[in-house]
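Just below is one structure, and these are the notes that go with it.
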Amino acid sequence: MRLSPSFLSLALVIFVGEVVARNVVARASNPASVTGTRKVSLLKNVAGLPAVPTAQQVAVSSLNTDDIQGDILVGMHKQQQRFYFFTINDAATFKTHLAADIAPVVASVTQLSSVSTQPLVALNIAFSQTGLNALGVTDNVGDALFTAGQASNTVGNLKETTDNWVAQFKTPGIHGVILLASDDKSLIDQQEASIQSTFGAAISKVYSLDGAIRPGAEAGHEMFGFLDGIAQPAISGLGTPLPGQLVVDEGVIIVGGTNDPIARPADGWMTGGSFLAFRQLEQLVPEFNKYLLDNAPAVDGKSLQDRADLLGARMVGRWKSGAPIDLTPLADDPALGADPQRNNNFDFTHANFSITTDQTHCPFSAHIRKTRPRADLVAPANSIIRSGIPYGSEVSAAEAAANATTNERGLAFVSYQSQLNKGFQFLQNTWANNPGFIFGKNVQPGQDPIIGQNSGAIRSVVGLDPANPTGALSMGQFVVSRGGEYFFSPPISALTGKLAA
């Protein structure tokens, strides 16, 4: 357990806990928290995904997990979550409650690693640049994208306009975000009420978004239906990596960690924190499904639905089960998808096939290849830990019949990294949006067919038809950005130190 105090995001992540009936809820001695005895984990391990770090792994870790906010390293294991975006009206009062009432109940990585230490409400908090300014913290944090804010240059940085953005994300009025996570929404409601009561008029809620794990067999799958979060990197010094899992230095994710090359404030208050990129990404599921049916490749002996599923798998790079098409190109293998010892153990190379021309296994343009190119380009510095969650209702029968979205749904995307221009921003703009990436191939791959942006114009994607690997498909946008912001999730110690001073 290494790392010094500092750098926690304005994402106040509150993991609320398991169902009330399965936990004992008590009156909180701290007015900002919901307390009680937890009997089951507030997190969910899904078959096929890297597991939550165990207490044993955390105990022998070289990271200072007592000071790192839990959401940073927990990943995509939450069951219910609320993102509570706020503005600070009275900095002095806010600082008092931040240090006295919020900091003591912020959940660390250490706490979340064991049911016995998990709170009913696990609380994290993160701040935008305008939020730090409101608190009088004017240090150069070493990240120009964070300082400018996400809305400042979306056309140049992300290849999108703010036309579809939620109004609150278009202005710099969001000072921070509180994340509340649980499997019981009523506990989240209680926690939000407690926080609002504690801060009173010192803060105002600007916007909120609720997310939830999908029901039944879809648990762990995003709204298009694909198992999500398989390729999370492993942090050196924390646990044992799975076969094929990329191992990155702590400083790729944690500010001030090993091999974080950026100069930070000399007093070290940021060490142990991480930059949080939040994105509200609407997914047009009925339209996506209709596109797959309309453009299904011709494959002998397969039904239309099977061929549509094949196209979807080639766009993503995995079947819905999580099985990588690089290992099973023409048919899903659910057992492979559910096996973390096998489902990430590939690198796009195959004997007797050239990596510069072979798209029979996996297209160069596939989402998982564009965003983690493996043998195409080994780039551990361009890694993120994702900690998002689906939001919105399941597709209704009426929407499916009309092939049109009427109720918004999608992904509340969260990534953590020590540098936004090497993490989220790099993956989105330099890789996913860039039609020339992956470089050095015999064809130009086109944009990432899932998240790639093209400034609102039609996208051209190559290699999706296994029988015509140089052919292109044209497509609109199935993932529509509704906005977001960049935050800093500070170390827990900074909440009673630098940020409360």
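Cβ from N, Cα, C; glycine included.
It should be emphasised that the depicted structure is a prediction, and the values quoted were computed from it without experimental measurement.
Per Swiss-Prot, signal peptide is recorded for 1-21. Residues or ranges marked as active site, proton acceptor in Swiss-Prot: Asp228. Annotation source Swiss-Prot lists N-linked glycosylation site at Asn352, Asn403. As annotated by Swiss-Prot, heme binding site applies to His367.
Projection of Swiss-Prot feature records onto the structure.
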residue : record                       : Cβ neighbours (10 Å)
Asp228  : active site, proton acceptor : 24
Asn352  : N-linked glycosylation site  : 5
His367  : heme binding site            : 20
Asn403  : N-linked glycosylation site  : 16
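You'll find the Cα of Asn352 (N-linked glycosylation site) roughly 24 Å from the Cα of His367 (heme binding site). Cα of His367 (heme binding site) to Cα of the residue listed as 'active site, proton acceptor': a span of 12 Å. Distance between Cα atoms for Asp228 (active site, proton acceptor) and Asn403 (N-linked glycosylation site): 24 Å, as a whole number.
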